[in-house]
């Protein structure tokens, strides 16, 4: 990839990773418009790592409090709201880990297509709208509970299908289960940390063993740009949903799905 392509794709990834609009749907548009080839798994991991750094730094105080409380719960048997939240995040991670191992090759081979992404972009956009309009939305992140956490975890596993949007699927599930918009977003952001970290480690291992050359300069640039874009995105997204809800993102998903369908069928 040339530098321009790296910048554009990293910006897209960083700006869309934590919005409920599907980063994979946006990453396929440059390929359709400009004839770019698939950026490959190594670049996906690089820009996802940049996004991971962004959420860790943005929520550093919450994550540190959760980590200390989690350790205390195991060493001293002391349980607090933060330790419970940490355990719920771990529990919510398990479905994605399991299905990621089981279905990784199938997804890469059969579901990474424009048609699948177009359909899931629209369908899960409508589900997000329904959840935002019809649900209670009055629970805080500390009222999630292990049952709700596990169900949100299964939604995250479903988001392994390209176009679904990890943040979109998890926020939809959280809203359906009664979490407030802010709580749904924060739980979704926090549960992205272990999944993204695990995926980066696993794929990084595969890349290290691969005989193919790796463009480390492009990967580093992509990571930095994705980090900056994702950090700003998290900050402003939390402000937007408190004022306007999810409707702007639902409308955007429907338009994006229609555009993708246009590229496919016209």
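Glycine residues also receive a Cβ, built from the backbone N, Cα and C atoms like all the rest.
What Swiss-Prot lists as transmembrane segment is 1-21 (among others).
Feature annotation from Swiss-Prot assigns transmembrane segment to 39-59 (among others). Residues 1, 5-6, 9-10, 13-14, 17-18, 27, 108, 186, 189-190, 192-193, 196-197, 199-200, 203-204, 206-207, 214, 218-220, 222-228, 230-231, 233-235 of the same chain lie 6+ residues outside the transmembrane segment (39-59) yet bring a C-beta within less than 8 angstroms of a C-beta in it.
For 87-107 (among others), the entry in Swiss-Prot reads transmembrane segment. The list of residues near the transmembrane segment (87-107) in space but at least 6 beyond its ends in sequence, with Cβ under 8 angstroms from a Cβ of it, reads 66, 70, 73, 144-146, 149-150, 152-154, 156-157, 159-162, 187, 190-191, 193-195, 198-199.
Within the chain carrying the transmembrane segment (111-131), a Cβ under 8 angstroms from the stretch's Cβ atoms is held by residues 20-22, 24-25, 28, 32, 38, 161-165, 168-169, 171-173, 175-176, 246-247, 249-250, 253-254, 256-258, 260-261, 263-264, all 6 or more beyond its ends. If you look up Swiss-Prot, you'll see 111-131 (among others) marked as transmembrane segment.
Per Swiss-Prot, transmembrane segment is recorded for 149-169 (among others).
Among the features that Swiss-Prot reports, transmembrane segment is placed at 183-203 (among others), with the record citing sequence analysis.
Residues annotated as transmembrane segment in Swiss-Prot: 218-238 (among others).
Annotation comment: Swiss-Prot describes 246-266 (among others) as transmembrane segment.
Residues 19-22, 25-26, 28-29, 32, 114-115, 117-119, 121-122, 124-126, 128-129, 131-132, 168, 171, 175, 181, 240 of the same chain, all 6+ positions outside the transmembrane segment (246-266), place their C-beta atoms under 8 angstroms from a C-beta of that stretch.
Remote same-chain partners of the transmembrane segment (218-238), defined as residues 6 or more beyond its termini with a Cβ less than 8 Å from a stretch Cβ, comprise 1, 3, 6-7, 9-11, 13-19, 42-43, 46-51, 53-55, 57-58, 182, 185-186, 189.
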